[in-house]
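Copied over from TrEMBL, here are the features:
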ACT_SITE  A:C276  active site, charge relay system
ACT_SITE  A:D368  active site, charge relay system
ACT_SITE  A:H403  active site, charge relay system
DOMAIN    A:249-458  domain 'BAAT/Acyl-CoA thioester hydrolase C-terminal'
Amino acid sequence: MSWRSCFYFLRAAHKTLYTLQEQLGLLGRSGIRPSSTMAQTVTPILSVLPTRGLVDEKFKVALENLPPRFPVTLHSLHQSEDKDYWEAFGYYVSDDRGRVTVSQDASLGGTYTGAEPMGLLWSMRPVPGSRTGLRLRKMDVQSPMVVLISAYKGHVFEGFREQPPMASAVTERWYMAPGVQRIDIRERGVKGTIFIPQGPGPFPGVLDMWGGGGGLVEYRSALLASHGFVSLALDYLSPKVAVADDQSLVYFEKAFNIIQQHPQVIKDRVGICGLCLGASVTLNVAAYSESVSPRCCVCISGSHVLPAAKSLSYVINDGYKHMDKLLVDEQNRMVWRHAILPITTNPDEKLDMGRIKCPLLLVNGDDDQSKATVESAEDIAKMMRAAGNEHLLTTLNYHDAGHLIEPPYTPHFRASNFIIQHLQQKVLVLWGGKTKPHADAQEDSWQKILSFLREHLYPCPSSSIPQAKL
Amino acid sequence: MAQTVTPILSVLPTRGLVDEKFKVALENLPPRFPVTLHSLHQSEDKDYWEAFGYYVSDDRGRVTVSQDASLGGTYTGAEPMGLLWSMRPVPGSRTGLRLRKMDVQSPMVVLISAYKGHVFEGFREQPPMASAVTERWYMAPGVQRIDIRERGVKGTIFIPQGPGPFPGVLDMWGGGGGLVEYRSALLASHGFVSMALDYLSFETFKTHNECLSYFEKVFSIIQQHPQVIKDRVGICGLSLGATVTLTMAAYCKSISPRCCVCISGSHVFPSGVSFAEVFQFKEMDMGKARLDEQKRVIWRDMILPIPTDPQRKVAMGRIKCPLLLVNGDDDQNWATVESAEDMAKMMRAAGNDHLLTTLTYHDAGHLIEPPYTPHFRASNFIVQHSKQKVVMLWGGQTKPHADAQEDSWEKILAFLRQHLYPCPSSSLPQAKL
C-alpha cells in the first residue's frame, strides 16, 4: 500500500464500518502476521501532547521504548487545503534510556537544528516536487490543521514516502477554541466575519485587517477570539466591497462601529490590528477618523508612508507606478521594499503621526524585503517625538525576520506567489526573513501582541472592590 | 462601570484526552479576590453534572488551579483535576446516576466558569464573570473505530494511529452488560489495538467448553488482525470481566494471553460451580446480599468467606502470565481484597506467585475507571438475570477513589507497555557518538 494512499485511508476510515475481511483486502497483506521474534523490530511509542491544540499552543513530542543511542528521524507531514504536502524533519539519537524528548533534545540536522520544541511545525516546507511559490494559510478555521508526526529509523533526508515509519501520531492544530462562535457579517455594505469568545462577556473588541493580497482571511481573528477578544476579520479589497475608490474612511468606521455596537463588546475597549496594507489603514483610521477612536493599535509590517487624502485604490496603483524602484532579483522575485525609500520628508505624502492619540505597537522584521518597515518606524518615532506623543509608541524589531509576521508555529516563506489585484497579474514576491529567526519573531511577537491588547483593552481590576479577609 | 471585574479564564489544553491533565487559570482579577471556579457537563442522558472550588486570587490577581488550594466546594486542597473528578449531579437531578460516555467519537464537553465570591448554589441564576469550554476525548486523532459483528461476536475494535504492528488487548466490563467502548478507545490512544467486547447480550452457553471456545474465538480475532503482533495480546477486565479474564488465562488451551489486568475482580465464580452457569443467567444465591440503611444493595458478602472448594474458583496455579490486580479496599460490591489474598495464597502454593502484582487502594470503591471522571458511591443497576432495578452500592470515598483512578491507570498502562511492547534489542546498531 503506498504511503500516500495509506494517508488517505487513515483519514477516511475514521468513521467507516468494515468487517475484518474487507480490512484484510484493503491492507493487501498476504497473511504473514508479525510476531515479536522478527529480527530487529523496533516498536517505539510516539506521543504528541496535547493531541488537539490551538495553533499557538506548544506541544510535546516524545519517543520511548527505543534501543539506547539509536538514531531516529522525527518527521511531520501536513496536507494543505490546496492539496499540497508540507513536511519538516529533525535528526535525533535516543538517550541511554531509549528516549527522545523533542522539547529538550537537540536536533542534529534536518529542516531545523538544536533544541526546538516546535521545529516540526515552523520549519515545514513544501515536499520535493511540489508546485513553486507556495504559502500555507488556513482559510477554513472551523476545521483543524491535521499534522502527521512520524518516527523513522536512522537519519533520513528523503524517501519518506517509500519507507514505512516505525510509529506515527496525528495531532490537530486549531485556530478556534471550543465555544468560540463564528458569525458572517454582511451588513451596511461591510463584509467580514466576527468571532465571539466563549463566555457571558462583555469583551473587548479588535478590528483585524490583512494586507494587499485581499480576501477574507479569518485565522488571526479566530485566534484572538480564542484569547478573549471579539474580533472582526474585515474584507476591504474584494471587488464587491466598494471601498477601493472611496476616499474617506467611512467603510472602516462602519466596520469599527459594528464591533462597538455588538451587545457583547465593551464599547470603549475596541482596538485595531493590521498587517501590511492593513497596518497603513490602521494608522490612517487612528490618525484621521473623526468618528471612531481605537483604544490601541497594533501595526505589523506596516508603514505610514501613504497620502492620507487619497483613496486606497489610488494608494495601491500609485505604488505600482514607481516600477523603476521595484527590483526583480536574480530568481525573478519582486522586491518592493525600495518603493518608499528614502522615506519622504513631504508631509502630504505620509500620515501625520502627531495625530495618534492611543497606544501604538509596531512589529517589524529587519529583513522585510516587501516594505521598508524599519525605516518607516524610525520616521514614525521622529514624527511622534516632534509632536510630543512618542510615549504612546512601542516598536519591536526582529532581526532577520521578514514581512509576513503571523501567529506562531506556522511555516515561513521567504517568497511566494502573489496576485496583484487590479492588474490581475501573478508574480513571485520576496517577503524576506530567515526561517529560524522568523519563527522566533512570530512566537515572541504574538505573545507581546496579546499582552499589549490585554493591557490596553481589558479593564484593570479596581482595587476598591471588597477583598477577602485572609 | 463600578466594580466590573473582567477576568481572563484559560483552560489548556482546550481539547484534551480524558486522561490528560489540564491547567485552569484566572488572571486580571483584583488582588485577594474571592472566586468560585465551577464546572458543568451535560451527559448523553441529558443530566447535568457539576463541581466547584473556592479560591482567593493572589497579590497579582491570579488563581492557578494546578497550584492553589481550594478552600471549599466539592473538593479542597491543591487539586489540578478536582473540577472533573469531584463532579456530581446538580441539585434536583434524578437519583442513582452514573456518568458514562457511550459515544466515544464525540468529546465530553465541559463548561468551566468563574463566579464572584464563594458560591454553593444558584449557579444557574447568576451570570459568571467568565467561562471557557474544554473538550475531553476518549479517542486521539487518527485512532480508527471498527464495528465487529461476525462469527457471533459483538464488539468494537480500536486501532491506534500508525503503521503498526501493535500489541493487542481484549477489554471487558462487568455484569451490567452492554458494549462499553471508552476504555478501549483510550487504550488505542496509547498504542494498543483494543477490542471492547459485549459478552452478555445474547449468548447462553450450555457447557463450560462452549464458553471457553467463545472467548478463544474472540481472543484470536484480535491476534489475527493484520496490525497486531500475535504473541503480544493481553486481557483487561473489570468486575465480572475480571473473572472472565482469569478463567481464560487459566483454562483456555488454544490461546495464551501475554499478561492480564484484573480490576475489582475475583477468582470466585459468582454462582454455582461453573463458569458457564454465569452465562446461563443462573440465579445467584442472594441470601448474603444485604441492604444498607438507604436500601442500597451490598453484594460484597456473597462470596464470603472465600470458598475453600477448588471447584468454586479459578485454579490460580494454572496462570502462566504476569497478572496485575487492581482493587479498592472499600469495594462494597465484590470482596476483591479478600479474593486477592486468596489468589496470592493459591499462587504461592503453586509456585507461580512471582507473576502476581496486587495494587490495593485505600478507600477506593468498585468502579475503578480511567482517571478524572466522577466517582459514584452508588448508582442504579439492572440485575441481568432477574431484570430487577436496584441501587447498587459500589463503595469508595470520592477523593481517595479519584486518586486510585489516576494512579492505577498510569500503572495499568505501564504494566501493559512493559509486557506487551517488545523490548528494544540492544544488539541493534547504535549511533556512534
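Here the Cβ of each residue, glycine as well, is placed from N, Cα and C on the backbone.
Around the Cβ of A:H403 (active site, charge relay system), 28 further Cβ atoms fall within 10 Å across all displayed protein chains.
Non-local neighbourhood of A:D368 (active site, charge relay system): A:S301, A:R337, A:V374, A:A401, A:G402, A:H403, A:W431, A:G432, A:G433, each in the same chain, at least six residues away, with C-beta under 8 Å from its C-beta.
Taking the Cβ of A:C276 (active site, charge relay system) as reference, residues of its chain lying under 8 Å away and at least six apart in sequence are, in sequence order, A:W210, A:G211, A:G212, A:I300, A:S301, A:G302, A:S370, A:K371, A:H403. Along the domain 'BAAT/Acyl-CoA thioester hydrolase C-terminal' (A:249-458), the predicted structure has mean pLDDT 93.
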